[in-house]
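Here the structure comes first, spelled out in structure tokens, and everything after it is commentary.
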Amino acid sequence: MTTSTPTRAAVTEPDRRLPALGGFAPGALGIELRRVLRNRRTLAFTLIMPGVFFLIFGLPQGGQSLDNGRPVTAYIMISLAVYAAMVATTSVGGAVATERALGWSRQLRLTPLRPAAYVATKLITAMSLGLLAVVIEFLVGAVAGVRVPAYVWLLSGLAAWVGSLVFAAFGLFIGYLAPAENVMQIIGPVLAVLAMFGGLFVPVEVLPDVLQQVAKFTPVYGMGVLARAPLTGDGVSLAAVANLVVWALLFGVGAARLFRRDTARV
Amino acid sequence: MTSTHPAVELDGLTKSFGAVTAVDGLSLRVQPGEVVAFLGPNGAGKTTTIDMLLGLSRPDRGTVRVLGGTPDDAVARGRVAAVLQTGGLLKDLTVGETVRMTAHFYRHTRPAAEVLERAGITDIADRVVGRCSGGQQQRLRFALALLPDPDLMVLDEPTTGMDVEGRRDFWQALRRDARRGRTVIFATHYLDEADAYADRIVLVRQGRIVADGTTAEIKNLAAGRTVRATLPGADQAALAALPGVDAVEVRGDSVLVRTGDSDAIARHLLTRTAARDVEITSRNLEDAFLALTTAQTGA
């Protein structure tokens with residue numbers, strides 16, 4: 001130690017090393033999660049509304065069975081779980097738009113937090129809320145009397161949750177597309193239309209022929225088919241897997257490109 | 001501090017936006033421990049310079065060194081921190097949460113309670129940011145900047161939009177802190193702030209430094225007087241050529257002559273020209289500021 005100025009002598013020299021993982025920290029993630037769970041609108045649209053939908057549209061189908069004898073209510077419950085998860089992950093990803101509009105992302109550039117660590121935090125937050133949305137929808141279903149084998153709960157839930165990663169990417173894509181404070185008010189209706197084409201509100205099979213063909217190319221279709229496959233026992237078509245992978249890539253690459261544009265220093 | 005590097009070295013910084021040259025070959029060196037005011041009117045290039053100083057934007061030409069390294073590295077190591085006009089806050093976090101969340105991004109910070117105390121916002125730690133006044137939000141930004149205990153603190157017009165009391169509280173907090181030997185650079189267009197809080201004033205106009213010195217030196221630049229007269233069709237070049245004239249400005253029918261010899265100029269105007277309504281005023285810091293930062297002929 002060399003001699004410091006008297007005012008500094010009592011103060012130890014700060015640790016100037018770079019943070020690990022680009023500033024990604026569980027503590028910040030925790031505050032982020034609490035923040036999301038405090039947002040009444042998010043809770044209403046992702047955790048409460050899908051459950052209420054089930055009680056309104058699902059329960060009246062009680063007693064009816066699918067071709068393989070499984071309850072129709074389970075079909076509706078799984079579809080709504082997919083819907084809940086996609087709204088949840090989109091809203092967290094889309095919040096990037098709000099944070100850009102507020103100037104928070106600029107404020108973050110004055111800290112060691114690397115943009116990739118910021119996006120990682122958003123993705124984990126999105127997937128956490130997505131998981132919570134699936135679990136709550138399944139709880140509502142279970143309490144309301146839906147009974148299926150354990151592997152269906154597990155695999156369908158897992159598929160709904162993992163599939164919602166597509167919409168976490170979609171949310172980020174929208175978030176980096178335009179800074180807007182209330183982006184979810186714009187995306188909400190879009191998600192509803194996509195959910196309809198994905199067979200989350202009514203089976204795709206009841207749609208007119210032309211729309212059925214169109215539906216196969218929309219981004220919810222693949223995750224819907226995959227999530228219901230354990231229940232229906234229908235094989236997983238290559239088209240459904242391809243749908244999921246292609247949309248995940250499209251939104252992922254799109255978000256990455258916009259993200260790079262946003263963080264480029266001009 | 002054992003570092004021998006200057007806190008800031010800007011060399012030939014140039015930055016254009018389309019046809020507008022915001023910063024034009026600006027060079028500046030700031031030594032550790034200095035408190036420097038970056039003073040100039042709106043549009044002088046202060047914010048653009050600060051953005052380049054912090055690595056938020058890249059200069060078209062020229063180099064930036066902060067504490068001997070790149071701005072990005074200085075930011076990532078918490079050696080430089082800033083309070084900017086544009087940095088936003090999350091409205092749905094509390095003041096305390098904002099500080100704790102930001103602290104997580106660093107390897108090591110001062111305790112959250114300490115920076116809240118030093119920024120004077122301990123009492124509103126549980127308040128949601130969206131319900132804080134502009135001045136309180138600005139002190140929160142200051143608290144965030146204090147977290148890494150930076151060697152260099154940069155503030156861009158930190159009191160814009162605050163009332164008189166808010167400005168006073170903010171500067172008191174900053175002054176208490178500056179005694180710790182930190183280097184401070186702040187941009188302002190308030191003369192009194194530069195005068196009261198800086199050891200050194202750097203005057204900028206149109207992206208260039210037009211004066212640089214201690215507050216006293218800058219005030220000395222204002223020595224001399226201004227002779228104002230009504231003189232339609234004044235011959236600006238002829239007046240500027242008179243002995244002892246520093247600058248001539250024509251505003252409509254008025255002519256303003258800055259000079260060290262006001263008697264001679266007044267005599268000339270009254271005897272050799274059709275000038276009337278002659279006024280002679282001595283200049284103060286504000287005049288120096290205006291003289292140096294307003295577009296004019298000559299340099």
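Cβ atoms here come from the backbone N, Cα and C positions, even for glycine.
Taken from TrEMBL, the feature domain 'ABC transmembrane type-2' covers A:41-262.
The transmembrane segment annotation in TrEMBL covers A:42-60 (among others).
Per TrEMBL, the feature transmembrane segment maps to A:72-98 (among others).
Taken from TrEMBL, the feature transmembrane segment covers A:119-144 (among others). When Cβ-Cβ distances below 8 Å are used as the criterion, the transmembrane segment (A:119-144) is approached by residues 24, 28-29, 32-33, 36-37, 42, 46-47, 50-51, 54-55, 58-59, 73-74, 77, 80-81, 84-89, 91-93, 95-96, 153, 157, 160-161, 164-165, 168, 171-172, 259 of the same chain, each at least six residues removed from its ends.
What TrEMBL records for A:150-174 (among others) is transmembrane segment.
If one looks beyond the transmembrane segment (A:186-204) by at least 6 residues along the same chain, the residues whose Cβ comes under 8 Å of a Cβ in the stretch are 45, 57, 75, 79-80, 82-83, 86-87, 90, 94, 167, 171, 174, 180, 211-212, 214-215, 218-221, 223-225. According to TrEMBL, the transmembrane segment annotation covers A:186-204 (among others).
Residues 93, 115, 119, 163, 165-167, 169-170, 172-173, 175-177, 216-217, 219, 221-223, 225-226, 229 of the same chain, all 6+ positions outside the transmembrane segment (A:236-259), place their C-beta atoms under 8 angstroms from a C-beta of that stretch. The transmembrane segment annotation in TrEMBL covers A:236-259 (among others).
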